[in-house]
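Q: Provided herewith is a single structure, encoded as structure tokens, for subsequent inquiry.
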Amino acid sequence: RNCQWLCCPDWSATAWVCAEAASYQMRNCVCVSDLLLKGKWAVEDMKDSKLPGDKGLVLKSRAKHHAISAQLLRPFIFDTKPLIVQYEVNFQQGIDCGGAYVKLLSQTADLNLDEFVDKTPYTIMFGPDKCGEDYKLHFIFRHKNPKTGEYEEKHAKKPDADLRTYYTDKKTHLYTLVVNPDNSFEVLVDQTVVNSGNLLTDMTPPVNPPAEIEDPDDHKPEDWDERPKIQDPDAVKPDDWDEDAPQQIPDEDAVKPDGWLDDEPEYTSDPDAVKPEDWDEDMDGEWEAPQVPNPLCETAPGCGTWQRPMIDNPNYKGKWKAPMIDNPNYQGMWKPRKIPNPAFFEDLHPFRMTPFNAVGLELWSMSSDIFFDNFFITNERHTAERWANDGWGLKKAAEGAAEPGLVKQMMSAADERPWLWAVYVLTVALPAVLLVLFCCSGKKAPAAADYKKTDEPQPDVEEEEKAEEDQVKEEKSQSG
């Protein structure tokens, strides 16, 4: 058959999945073509690879469902050692809407990788996902209810870090999940922690349900009074309360300013306006010149009929309302009584999850050419770090060496955005010119003639010269 094989070497230190076409002995291998669900996969070089010959698993199709998986050499058992999951992703074409997360498939009697779909049970789902402007980095684990045996997804809180760069820079990034036996966890990108917490306190919904719940059969009594304040029933409107008094009244102390032009309108017809030649009075009506501000009003305090300004009415009270008083019958906000939660349980060791024995990518993506490499699962953190340095570390170094220098980056940016040249001139060239002018211009001591240019009091030049001569004579006499 026309297969591209994913093969796993027998390495005793860890269980891992190798996403490259290699000449290992044909065991523990998976045929890509057997696992296709419409979407296409390929094993190939990165498009802009800085390390020729370094192949990876590539999601090739847009707007299709993809699924591929591989069996581990042995199941991972959650006991006394941590779980470290690590792999690399490069969104070579960027990412519009789609995921690049990995699923650790639960060890079950009916697990069939040839039928790997979205409903296939998994223990942990981990990795990047993005749609629109929502940038996610999933950590989800399926927790088994010890009372009912049913599974429920538990989602880690959203990272506080800004994840945008990892999805847009088209570089290879290393995603790492560490889950410890003490229930703590860490999520790292490029060996930097971006999220951390505890399985017992930082998952939604919580692992353990509340010990008590509100009684669904409890109902608020009809006479229950939740009003903390009520209108005073004994209050009476005062006899002098005038509800009809206006809120504002004319200011009787106001006086019309001198020079007010009562007979001049604020606006007048434009004397320069001319009726258009094509004006048809039968269709357009009688033509009138447009109104313009009256030029006579520009220098006057006002034009037209003068009216007194309005002020607040000191006698205004508005509609009378009885004052509010404490409700003597207030019983507080009603809540149903608490009863023991029949579904309550307490699992203090959620780390002890369902063992998994396969790794899979089950993805829908609107972007193509998502590059995956170096899937790695272990219980030894230093081994994972060493593997990361030997794999992702080389990619990072090669990508860094290939990046253009600062000046070249600035020139390229200005070619795309010409307005940046103005910014460069203001931020670089202008300060340099000012520095040169400052250094080249010497500060001269004021001459005696310069003192004549100001009326400010200045020191007496003759007195200063005489004082200097007297000091010189005194020094000579002391030395003699």
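Each residue, glycine too, has its Cβ placed from N, Cα and C.
Pulled from TrEMBL, these are the listed features:
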- 217-239: compositional bias 'Basic and acidic residues' (COMPBIAS)
- 260-269: compositional bias 'Acidic residues' (COMPBIAS)
- 278-287: compositional bias 'Acidic residues' (COMPBIAS)
- 457-468: compositional bias 'Acidic residues' (COMPBIAS)
- 469-480: compositional bias 'Basic and acidic residues' (COMPBIAS)
- C97-C131: disulfide bond (DISULFID)
- 198-297: region 'Disordered' (REGION)
- 445-480: region 'Disordered' (REGION)
- 419-440: transmembrane segment (TRANSMEM)
Q: Near C97 (disulfide bond), which residues of its chain come within a Cβ-Cβ distance under 8 Å, counting only those 6 or more away in sequence?
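A: Spatial neighbours, sequence-distant, of C97 (disulfide bond): K130, C131, G132, S365, M366, S367.
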Q: Among all the protein chains here, how many other CB atoms are within 10 A of the CB of C131 (disulfide bond)?
A: 13
Q: Helix, strand, coil residue numbers for the region 'Disordered' (198-297) per DSSP?
A: 7 helix, 19 strand, 74 coil
